[in-house]
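Asker: Grabbed the feature section from Swiss-Prot, which reads as follows:
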ACT_SITE  Ser176  active site, nucleophile
ACT_SITE  Asp230  active site
ACT_SITE  His288  active site
DISULFID  Cys56-Cys268  disulfide bond
DISULFID  Cys276-Cys298  disulfide bond
SIGNAL    1-16  signal peptide
Amino acid sequence: MMLILSILSIIAFAAASPVPSIDENIRVLEHRAVTVTTQDLSNFRFYLQHADAAYCNFNTAVGKPVHCGAGNCPDVEKDSAIVVGSVVGTKTGIGAYVATDNARKEIVVSVRGSINVRNWITNFNFGQKTCDLVAGCGVHTGFLEAWEEVAANIKAAVSAAKTANPTFKFVVTGHSLGGAVATVAAAYLRKDGFPFDLYTYGSPRVGNDFFANFVTQQTGAEYRVTHGDDPVPRLPPIVFGYRHTSPEYWLDGGPLDKDYTVSEIKVCDGIANVMCNGGTIGLDILAHITYFQSMATCAPIAIPWKRDMSDEELDKKLTQYSEMDQEFVKQMT
């Protein structure tokens with residue numbers, strides 16, 4: 001009860017404060033001038049394979065090909081993508097690889113998602129840390145510290161790859177919490193002069209409105225893909241001062257094995273939109289670990305789920321957060 005009262009206090013405070021970024025950024029673009037193309041959909045599927053491959057290639061030796069023993073990255077393997085850098089953070093546990101793909105002429109950074117995502121959801125640890133990207137910037141403490149631990153290694157690998165392949169484009173990707181750290185990585189790598197395109201799948205919100213607007217406006221495209229009622233992109237809550245990058249590409253539910261067409265992908269714009277995934281409720285872990293295919297199937301261990309809170313209790317808590325966010329946004333428009 002005390003937690004709910006605290007959240008209501010946050011909502012009351014926010015409602016009395018000017019929040020221009022919400023008024024300016026809540027709109028749904030189901031019929032955008034630039035719609036989802038077949039190439040976009042193809043890219044969603046391809047970079048998802050890189051995001052999935054990070055679960056079992058985060059410590060692959062330099063010079064070795066990206067390989068997924070579970071058959072979950074066949075197109076990446078077909079292109080013979082070669083690892084040019086890999087790193088595991090000893091403090092935060094974050095893992096990532098940098099690979100070059102001569103067939104597509106690109107340098108790819110792929111960040112591993114956490115195998116303890118339910119643990120993260122249950123802890124409700126949503127503190128922010130000041131970042132130096134832009135004035136007023138705040139980023140989730142855990143995501144920023146994870147990036148800071150591996151930043152030097154990734155930047156060195158990217159710089160070397162660029163020197164060897166000066167015409168290659170740049171892509172950074174990640175699933176789940178890996179998508180969050182990939183978003184932070186994109187922001188800093190872009191600021192350092194590498195125009196990365198960003199593909200994330202089931203990423204949580206990463207920072208405040210200053211951060212979200214900064215990343216959205218940087219050189220380099222954002223493709224933030226969400227699926228059905230995946231609970232992770234709804235966290236941390238809007239009422240806690242978090243915002244998403246824009247736009248969002250929503251795989252609007254259906255069977256887990258659904259073969260989506262471009263017309264079935266809904267595009268929602270705005271850093272605080274609740275028109276796509278943000279308008280859903282509940283705890284649907286299967287929606288989170290299924291993006292075109294089952295995720296983390298090549299991980300060395302199965303995804304464990306913390307049980308300090310029952311699924312029923314967690315479902316109720318997530319539903320409360322979502323409903324509060326929707327009401328908050330409604331009051332701001």
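Along the chain as shown, residues are numbered 1 onward.
Glycine is no exception: its Cβ is also placed from the backbone N, Cα and C atoms.
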Asker: Would you mind sorting out which of Ser176, Asp230, Cys276, His288, Cys298 (the recorded positions) have a C-alpha within 10 A of the one on Cys268 (disulfide bond)?
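Answerer: Correct set: Cys276.
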Asker: Measuring C-alpha to C-alpha, could you say which of the disulfide-bonded residues Cys56, Cys276, Cys298 are within 10 Å of His288 (active site)?
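Answerer: Close disulfide-bonded residues: none.
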Asker: Helix, strand or coil for Cys298 (disulfide bond)? Use DSSP.
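Answerer: Looking at the DSSP assignment, Cys298 (disulfide bond) belongs to neither helix nor strand, so coil.
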Asker: Determine, to the nearest whole angstrom, how far the Cα atom of Asp230 (active site) is from the Cα atom of Ser176 (active site, nucleophile).
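Answerer: Their Cα atoms are separated by 10 Å.
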Asker: Check the DSSP secondary structure of Cys276 (disulfide bond), expressed as helix, strand or coil.
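Answerer: DSSP assigns Cys276 (disulfide bond) to coil.
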Asker: Any idea what DSSP makes of His288 (active site), helix, strand or coil?
Answerer: helix
Asker: If one looks at the chain holding Cys298 (disulfide bond), which residues at least 6 apart in sequence have a CB under 8 angstroms from its CB?
Answerer: Asp52, Ala53, Tyr55, Cys56, Cys68, Gly69, Ala70, Asn72, Cys73
Asker: Cα distance, Cys276 (disulfide bond) to the residue listed as 'active site, nucleophile', nearest Å?
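Answerer: On Cα coordinates alone, these residues lie 17 Å apart.
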Asker: In the three-state scheme derived from DSSP, which category covers Cys56 (disulfide bond)?
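Answerer: In the DSSP reduction, Cys56 (disulfide bond) maps to helix.
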